[in-house]
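Take a look at the structure below.
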Amino acid sequence: CAHLSSSSPSLATSIPRGGGIQLRQSNDNNSVTDSNPEDTDKSKKIRNAIVAASVLTLAVWKKEFLVGALQSIKGDFDLKQFLIDKLDTLAGYGNTGLVVYIVMFALWEILVGVTTPVETAAGMAFGVKKGIICSAIGKMGGAVIAFLIGRFLLFDYFSEKLQDNEMMGLVQESIQENPVRVALIWRFSFLPEQLKTFGLSVLPLSLLHYVTAVVLHGFPFTCLWTAMGAEAGALARGTVTTPSNVFKILVVGIQIFGFFISPTMVGLWVKSLKDRQSAKKKGA
């Protein structure tokens, strides 16, 4: 992606106790205050432990699913039926199954980020009501945990990685003026999922504003995908033979929003930020 000029503010930041982060301008030679080596080593150990535990958990719980997915490549495995069977089994565990799903979904949100298939599967397994409740808890809980990890454990790492990212430079000032609106549009953008989550953690955005944006963006889509998953599950099981009119309308609406409304909204927002930046450079 495009890079900002050396005169742009860097993302080297400091975190005051009990508050959000504050950006500080980099000097002419881009010097950065050295951190305590012991603190850096400790942060790396904590980070590695979290990643290792998460990967191990996913490996244990998803081993059978991954094996099935590999078998499906050979063409002798019905992945759709496999998924339905396993989700039905999970639903059969009652509240325990729901808790397991919530925990796994939170980990999925942190490590992968693409939640549509998971929310759809929840509708197939648990129905609309339980699916929405469990998906909302797992999805938003995972998003908040990821934000906190980025803010307090991996802040220096992501600040360094993203300091030359054009989008990060464009939103630094805007997000201080309209935090919820900018965070909400940011969540709608087509940026990589990890950038949408961890990128916000190194910007001057409070946890309250972040949670507000996550709920406003995430909950409607959770309801949508869960409802579609519930009907898709009914169709796959043969409970119903034809999709309802509501299902058809949702499919068309998603296509219109995904291909036209969302890209246009984000594009206009980015253009306004670039125009504002250009105007400031001309006035300087």
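Each residue, glycine too, has its Cβ placed from N, Cα and C.
Annotations in TrEMBL come from automatic prediction, not curation.
What TrEMBL lists as compositional bias 'Low complexity' is 1-10. Positions annotated as compositional bias 'Polar residues' by TrEMBL: 23-35. If you look up TrEMBL, you'll see 117-230 marked as domain 'VTT'. The region 'Disordered' annotation in TrEMBL covers 1-41. Residues annotated as transmembrane segment in TrEMBL: 90-111, 131-154, 207-227, 247-270.
A mean pLDDT of 89 is what the model gives for the domain 'VTT' (117-230).
Contact count against the transmembrane segment (207-227) (Cβ pairs under 8 Å) is highest for 131-154, out of 90-111, 131-154, 247-270. Residues of the domain 'VTT' (117-230) grouped by DSSP class, helix first, strand second and coil last, total 99 helix, 1 strand, 14 coil.
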